[in-house]
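**Q** Before we start, here is the structure in question, set down as C-alpha cells.
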Amino acid sequence: MDQHYSQADRVSPDLENGDVNYKVGFSVNNKEVCVNGKTPQNISSSILRNKSDPMLVSSSARFQMLWHFLTNLQEVILGTKLAVLFPAIPLAIAADYYKFGRPWIFALSLLGLTPLAERVSFLTEQIAYFTGPTVGGLLNATCGNATELIIALFALYQNKIHVLKYSLLGSILSNLLLVLGSSLLCGGLANLKREQRYDRKQADVNSLLLLLGLLCHMLPLMFRYAIGEGTATDCSTLQLSRVSSIVMLIAYVAYIFFQLKTHRQLFDAQEEEDDDEEEKAVIGFWSAFTWLAGMTIIIALLSEYVVGTIEAASDSWGISVSFISIILLPIVGNAAEHAGSIIFAFKNKLDISLGVALGSASQISMFVVPLCVVVAWTMHIRMDLDFSLLETGSLAFTIIITAFTLQDGTSHYMKGLLLFLCYIVIAACFFVHKIPQSKSQARKDLDQISEGKPFTGLFSA
C-alpha cells in the first residue's frame, strides 16, 4: 500500500513555495491521478472538509434561513409607520383568553386590524411583481379588500346581517368620500400652483359600475315600498336580490376582463407616469405568499373578535352599532387605500389616486356585496339587497355627488373639501341614529321634554 503512494512523498520545492500551478501526481494501482492547482495543505484541508461537509452545509443553511427570515421580518413588520399598532394583536388575543371586558377586545382587535390591512396590500403588490400584470391584477382585485370581506363573512356566519350590510355600505362611503375627498384635498393644497388633471375614461367606467350597483340596491327597496309589507313581499324581494346579485357578479367579471384585456391601456396610463421610479420586489415570491397566508389567518381571528363584540362595545360606549359598522370599521379596512391614495395625490398623480379609491368602491359594490348574498343563499340565510331607506339614500347621494365631482377631468382642493364634508355629515347622521339608551334614561329624557325642562341627553352641556 505504501508503494502505491511513493510518488506523493516526493514533493517538489515549487509546491513547498506555494506554486499552485504545479501538478501533483499520484500512482494508485499503477494509474496516475493528477490534481491541478492545489498545494498539499489545500488537499488535506479538502479531505477534512469533505468529511464535515454535511455539518457545515446544515449550519450554513440554518444561518441563511435565519438571516432571510430576519430580513423579511424587517421589510414586512417594520416597513410601515403603522408598526406601532402590531402589539395590539397579541394584546387582543390575551384579552380574549383571560376574559377581559368585551369592549377592550373589540378596541384592541380594531387597532390590530389597521396595520394588517395595510401589510396585506403591500404583500399583494410584492407578489404582483412576479406573477405579471394579469395575474397581479386579479390578485389585487381579490385581496384588495380582504379585511372587509373577512369581516363580512364572519358577520354572515354569525347571522348578523345588519352588521354585514352596515360595514359594506360604510366601505363604499369611505372610499368615495373620505379616501377620495381627503386625497383631492391634500393633493390640491400641495399643488396650488399646478393644474391637476386626470383621465376621465377610467373614472367614467367606475362611475357606471357604481350606478349599476346603486340600481340593484334601490330596486328591492322601491319594490317593498310599492307592494307593501308582507311575507310575499319579503320572498319576492329576496328573489329579486339574488337575481340582481348574479347580474352584478357578471358585470364585475366583465369589468375585470375589460380592465386587464380589451381596454387595458385605459388603466395602465397612470403607470407610465411612474416609469422613472421603477420599483422592484423587496422580498421573494414564496416569502410574500407565506406572510400573506399568515396575516390572513390573523385577520380572520381578529375579525371574529370584532364581529362577536361589536354589540358589547356599542352598549358600553353609548355609540350605535350603525356608526361603528359604517364609520369605524371601514376606516380600519381602508387604511392601505387611504394612505396610498393621499401619497399619490401629493405627487400630483390623480389617475392613480382615483384608481385606488374608485376601484376599491366598485369592488365592494359589485363583487363583495353580491358575493355575500350568494354565499348566504348557499347557507340558507335570508340576505337581500334592501339596505333600508336611510342607508340606501346615503349611498345614492354619495355616488351622484362623486360622479358630478369627477365629470370635468380637473381637480382642486375645494372638490376634496366638499367630499370630505359630505362624509362628516353622513357620519354625524349615523352617530345619532339608533343610539342605545337604557329605558330609565330614555324615560327621564321624555319626562324632561314634556315638562319643558332643558334636555340633558347626548349633546347637553
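Every residue gets a Cβ built from N, Cα and C, even glycine.
Keep in mind that TrEMBL annotations are predicted by a computer and have not been checked by a curator.
Look at TrEMBL and you will find 104-260, 288-431 tagged as domain 'Sodium/calcium exchanger membrane region'. What TrEMBL lists as transmembrane segment is 76-97, 104-123, 135-156, 168-190, 210-227, 239-258, 283-307, 352-377, 389-407, 413-433.
What does the local environment look like for each feature on the list?
**A** Panel annotation: around the transmembrane segment (389-407), residues 165-166, 169, 172-173, 176-177, 180, 200, 203, 207, 210-211, 214, 217-218, 221, 326, 354, 415, 418-419, 422, 426, 429, 433 of the same chain, lying at least six beyond its termini, place a Cβ under 8 Å from a Cβ of the stretch.
When Cβ-Cβ distances below 8 Å are used as the criterion, the transmembrane segment (413-433) is approached by residues 173-174, 176-178, 180-189, 192, 319-320, 322-323, 326-327, 390, 394, 397-398, 401-402, 405, 458 of the same chain, each at least six residues removed from its ends.
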**Q** Based on Cβ pairs under 8 Å, which of the stretches 76-97, 104-123, 168-190, 210-227 lies most in contact with the transmembrane segment (283-307)?
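**A** If we count Cβ pairs closer than 8 Å to the transmembrane segment (283-307), 104-123 scores highest.
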**Q** Mind pulling out the one from 104-123, 168-190, 239-258, 352-377 with the most Cβ pairs under 8 angstroms to the transmembrane segment (76-97)?
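**A** Per the Cβ under 8 Å count, 104-123.
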**Q** What are the helix, strand and coil residue counts for the domain 'Sodium/calcium exchanger membrane region' (288-431) according to DSSP?
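**A** Taking each residue of the domain 'Sodium/calcium exchanger membrane region' (288-431) in turn, the totals are 120 helix, 2 strand, 22 coil.
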